[in-house]
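Engineer: Let me begin by handing over the structure; questions about it come next.
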Amino acid sequence: MSTILIAIIALAVLAAIFGAILGFASIRFKVEADPIVDQIDAILPQTQCGQCGYPGCRPYAEAIANGDNINKCPPGGQATIEKLADLMGVEPEESAHDLDSKVPTVAFIHEDMCIGCTKCIQACPVDAIVGGTKAVHTVIKDECTGCDLCVAPCPTDCIEMIPVETTTDSWKWQLNAIPVVNITDAASDAANVKDSIK
């Protein structure tokens, strides 16, 4: 047998042995995740902005499962608080952040002042800033969550948080406040009223 064939067989046997060991270890030492943490994490907006005081949505979900307040997520707003309250079986709380008076904002980079240091790119938790080293950076407006984590690291202060223009696309439609009436029920109610008058 040639040495190349022996080497290939030896590598295949070693790969099979190590694969079996890894397969056994993954079954034997499997760590079960808490299903409530997964459910909470699915409700959170996944912006990873850190405004709640945790480094991301998953650590905040774990903290909520361990009894932390459900009202610390500004990007999620009151709707997320209500969903979390429903899931956890508690009363919805007011947001820990003043959501009503806070105007939604997005980052804006004054490109004539940008030196391309990439510090804002590294700070952005949602990858809403694009640009290369020593090149002008810009913000993808639709991706920006307005967390303002990119403002502090900028050495030239070229990043500004500007209010989001309200358009029909960005307006928060309060469709739940509009009463929905089933037409067939309304028609039968009207017929019953007409019959009772006769």
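Cβ coordinates come from backbone N, Cα and C, glycine included.
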Engineer: Could you look at C117, C124 and say which one Swiss-Prot places alongside C144, C147, C150 in the [4Fe-4S] cluster 3 site?
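Structural biologist: Only hit among C117, C124 in Swiss-Prot's [4Fe-4S] cluster 3 site, alongside C144, C147, C150: C124.
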Engineer: Given the binding-site residues C120, C124, C147, C150, C154, which one's Cα is the least distant from that of C73 ([4Fe-4S] cluster 1 binding site)?
Structural biologist: C147
Engineer: Under 8 Å between C-beta atoms and at least six residues away from its ends: which parts of the chain pack against the region 'Hydrophobic' (1-26)?
Structural biologist: none
Engineer: So which one is it: of the binding-site residues C117, C124, which has the fewest other Cβ atoms within 10 Å?
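Structural biologist: Each of the binding-site residues C117, C124 was scored; lowest Cβ tally within 10 Å is C117.
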Engineer: Fill in the CA-CA distance, C57 ([4Fe-4S] cluster 1 binding site) to C120 ([4Fe-4S] cluster 2 binding site), as an integer in Å.
Structural biologist: 20
Engineer: If I take the Cα of C124 ([4Fe-4S] cluster 3 binding site) as reference, which of the binding-site residues C49, C52, C114, C117, C154 has the closest Cα?
Structural biologist: C49
